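Note sheet for the following structure.
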Amino acid sequence: MDWSTTLAILISVAIFHPPHLAFSSTTFILRPPSNNSNRHTMFLPLSLSPPNTSLSPSAVKSRRHLQISDSPQPNARMPLHDDLLRNGYYTTRLLIGSPPQKFALIVDTGSTVTYVPCSTCEQCGKHQDPRFQPELSSTYKPVKCNIDCQCDSDRVQCVYERQYAEMSSSSGVLGNDVISFGDQSELTPQRANFGCENLETGDLYSQHADGIMGLGRGDLSIVDQLVDKGVISDSFSLCYGGMDVGGGAMVLGGISAPADMVFTHSNPVRSPYYNIELRELHVAGKRLSLSPGVFDGKHGSVLDSGTTYAYLPEAAFSAFKEAILKELHSLKQIHGPDPNYNDICFSGAGSDVAELSKAFPTVDMVFENNQKFSLSPENYLFRHSKVRGAYCLGVFQNGKDPTTLLGGIVVRNTFVTYDREHEKIGFWKTNCSELWERLNVTGAPPPEPSAENRPNSTTVVPPAMAPTGPSHNIIPGEQKVGRITFYLSVNVTYSKLKPYMKELAQIMAKELEINVSQVQLINFKSEGNNSLTRWAIFPAGSASYFSNATAMGIVSKLSEQRVSLPKTFGSYQFSRWSAEPPTKWMWLQRHNIVVVVAIIVTLALSLLAFATWFIWRRRQQTVNAYKPVGAVVPEQELQPL
């Protein structure tokens, strides 16, 4: 065994850390001690790069626009889904094969291989999407055994194996097929190698996401393969949404950097992971009394999109914690959400993320070129799950290991460019939930996908039926969404569609992962063989508005045409979705049936009461009718006293 390339060094990680930093199949894994366990424990494999590895204040709602790079290569612009703390990862959608099969893959800069569960898998968990079926793809090819890969026992096909720090693993065969990046990307489908899983264990088996999209440096990395083909420049970017928002954007390929983007050198020779040259930390404008070399131990400061929190060497963590505590005069230190872990938490800051900077200090990262990048409180805090208005430090001590590990929490609402071509990484503070809109607006509109890439989802809507009004393309992070509306056009006449409206609502509810009671038809119109329906989605139960994560999830599925209907509905298209704030009239619309029934019952009771009163009144008038003088009346029997 070549220990220079296989020795793994252990460092700390968060409880929600997804499986991402991979060991080679021959790597020796050291298990953590069973006593004094800490949930914030992660194991980062540190090894020489493979021989064939390519080595070349709160969220600011800025209206500045990112411009497409002057480079002639196009780029793939893809939305991110899920949430860093709620799900433990971010995912993007990748399509593989002809016709394309869709997968939700964890975006991971610490992994160098992309893989999905295969239909032949003997031990794979139940994930978000069906397994990849090579036999259904007309463009699939197995990667045959060669000198540059590990081969199966029969020396017929290349295989891969990855073992992860939390003792999960993935293994399977290597295949080659057409990779598509979604309708909103200007990058055309490309052939690429990927892993077709036949076995997965641990967290990989139980996670909701289908697999991993490797963005690290290596021959099997999606980035390296696209760069080697010359279809994109050697760069990619990620932008993670803010606290409670989730989502974000991703770009494969280059863009021209904003003028005020802060860069730091990233040395590709030092490790296969993305490192930055961090020299100082400032808290509330005051430099921590630390040697600059404290952030340069072992592999220095590693930036990893797959890790949840941040981990500092012992001396740096102690100084950071002390400096933070000195600045929190008005807050009360409390116990963490889990008594098994010694989290550092504070109450009294309020629930508004935009107001956190009034209670918590700004933290500055200073790089080797004296460039300074400021972190908002959401870049080092996470919400206390049991106490409203309380927050905990998302920065932990990295055991006795001197490596600095900066996870996704550090780059919330930050556009991070991994410029591998120029060996640097750039940081730009922005609102990542709005970035996707700006990327679409500023760039040329992406080409319409071919029919084979958009099966059964292209309806030509007659001009007279086209929905009017503004189309909202983003939900601002601070806005409460009380209703989401959208149009659905189908090439079926309404007379034929009407009997299936209840079924249609049930299908859409299932696709959007909501209750059917939340889906309501607002109106419709029909012309020729086409019908245009307008639908509304309301919050679940008695809630008056959606959580941002739920709203973003619904909107992303609608905007990306990821709501699939059976073939019986013909061709169809979802369009013109709109996210609206809560109003008092929405309750009436949402409960229109209840309101109508209540009105009918009220009217019926009123009519019944009126009829009863009218009959009683008539009887009284009959009994006490006026009798003229001399009129003959029956003799009344006298009652005894």
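Every residue gets a Cβ built from N, Cα and C, even glycine.
These figures come from a predicted structure and were not determined experimentally.
Listed features, source TrEMBL:
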type	residues	note
SIGNAL	1-24	signal peptide
DOMAIN	90-428	domain 'Peptidase A1'
ACT_SITE	Asp108	active site
ACT_SITE	Asp304	active site
TRANSMEM	593-616	transmembrane segment
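Around the Cβ of Asp304 (active site), the number of neighbouring Cβ atoms within 10 Å comes to 26.
It is 7 Å from the Cα atom of Asp108 (active site) to that of Asp304 (active site). In the predicted model, the domain 'Peptidase A1' (90-428) has a mean pLDDT of 92. A simple way to gauge crowding: the CB of Asp108 (active site) has 26 other CB atoms within 10 angstroms, across all the protein chains here.
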